[in-house]
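Everything below concerns the one structure shown next.
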């Protein structure tokens with residue numbers, strides 16, 4: 001065929017291989033995530049989260065490279081929505097007034113959270129980190145992963161008061177982590193030659209702004225939910241997703257913490273829901289989509305080369321944080337008369353660390369970029385370890401405390 005006839009035909013095709021976009025990333029995350037979940041279900045001892053992350057690592061930049069760093073960065077909104085929904089669900093389980101009246105819960109949460117911050121602060125100080133790095137890393141280390149706990153508990157069909165107590169402690173961890181981060185941020189900002197007025201006003205704005213956004217959106221969602229009737233209850237899931245995405249969007253537009261806003265939205269919705277039971281909306285199969293996206297994305301984002309460079313320090317961080325949380329909860333639980341298996345298992349359920357820690361690291365990058373490098377290197381490498389060991393530890397702990405059956409339910413039947 002003459003070349004002149006080929007030219008019009010070739011012009012109908014893209015000049016180069018098309019760049020990835022969020023829709024392609026969304027499809028790949030779900031397709032490979034489901035594959036990872038099915039493979040994990042074949043191995044009865046392996047949590048599905050591990051399968052999600054393994055397949056994510058396979059298709060990410062550290063694996064086959066089907067998803068580039070740029071493609072993942074451009075699809076960050078998918079993860080923000082997923083994390084927002086998970087934090088909403090966690091916050092909705094927490095009755096703040098009742099929790100504050102529960103002296104045992106408050107005592108355990110404060111001892112464990114402050115003990116973890118102190119232990120990590122001592123570790124960071126021992127390696128010669130500047131004061132601002134010590135304080136920020138200590139605040140971030142207090143956070144725990146609600147996504148791992150909620151998903152593994154749902155997968156194992158775990159139930160009971162120990163699980164509910166663990167969810168309350170995880171919510172308390174994330175609240176305390178953000179509050180500590182807000183308190184130490186002025187010191188870190190001052191180290192970067194920021195004026196005192198700005199150093200004090202910015203954290204306060206982050207805190208109050210996130211709470212106000214959450215309360216306003218929760219009030220609006222509750223008012224709409226009251227218009228639904230019994231046979232229209234299925235609309236409430238869509239309403240929750242809309243409320244979460246609106247909260248995330250407003251938080252991003254007003255430059256306040258997205259994750260803290262999502263957690264506050266859950267708590268505010270529970271407080272304002274009235275008879276709508278909006279905070280108890282079950283995500284069902286739709287919720288699985290967000291869990292799959294979150295953990296496949298987390299696996300794809302793992303940077304093995306970067307983690308390897310700081311692996312000894314990251315492993316020390318993991319060990320110190322794990323011991324601090326487990327020993328503190330164990331001691332408090334035994335003090336309150338809990339049996340040893342429940343005391344140990346309750347502490348192990350707080351070990352995973354992921355979403356809130358990553359969010360606070362990103363906030364650190366935005367506000368104090370000069371100090372963020374050292375914090376990010378250690379914390380993100382530690383998160384990679386926690387995301388790997390967290391699901392099996394959570395499954396073991398749920399069985400140890402008797403909240404889940406000793407054999408995993410057959411999810412393929």
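Positions of Cβ are set from backbone N, Cα and C atoms, glycine also.
The feature transmembrane segment, as given by TrEMBL for the ranges 200-221, 222-243, sits at 200-221. Remote same-chain partners of the transmembrane segment (133-153), defined as residues 6 or more beyond its termini with a Cβ less than 8 Å from a stretch Cβ, comprise 47-49, 83, 86-87, 89-90, 113, 116-118, 120-121, 124-125, 163, 166-167, 169-171, 173-174, 176-178, 180-181, 183-185, 187-188, 291, 294-295, 317, 321, 325, 349-357, 360-361, 364, 368, 371, 374-375, 378-379, 386-387, 390-391, 394-395, 398, 403-404.
Within the chain carrying the transmembrane segment (310-330), a Cβ under 8 angstroms from the stretch's Cβ atoms is held by residues 108, 111-112, 115-116, 118-120, 123, 127, 141, 144, 169, 343-344, 346-348, 350-351, 353, 377-379, 381-382, 384-386, 389, all 6 or more beyond its ends. Residues 99, 133-135, 137-139, 141-142, 165, 168-169, 172-173, 176-177, 180, 313, 316-317, 320-321, 323-325, 327-329, 331-333, 336, 347, 350 of the same chain sit 6 or more residues outside the transmembrane segment (105-127) yet have a Cβ under 8 Å from a Cβ within it.
For the transmembrane segment (165-188), the most Cβ-contacting stretch among 48-68, 74-93, 285-304 is 74-93 (pairs under 8 Å).
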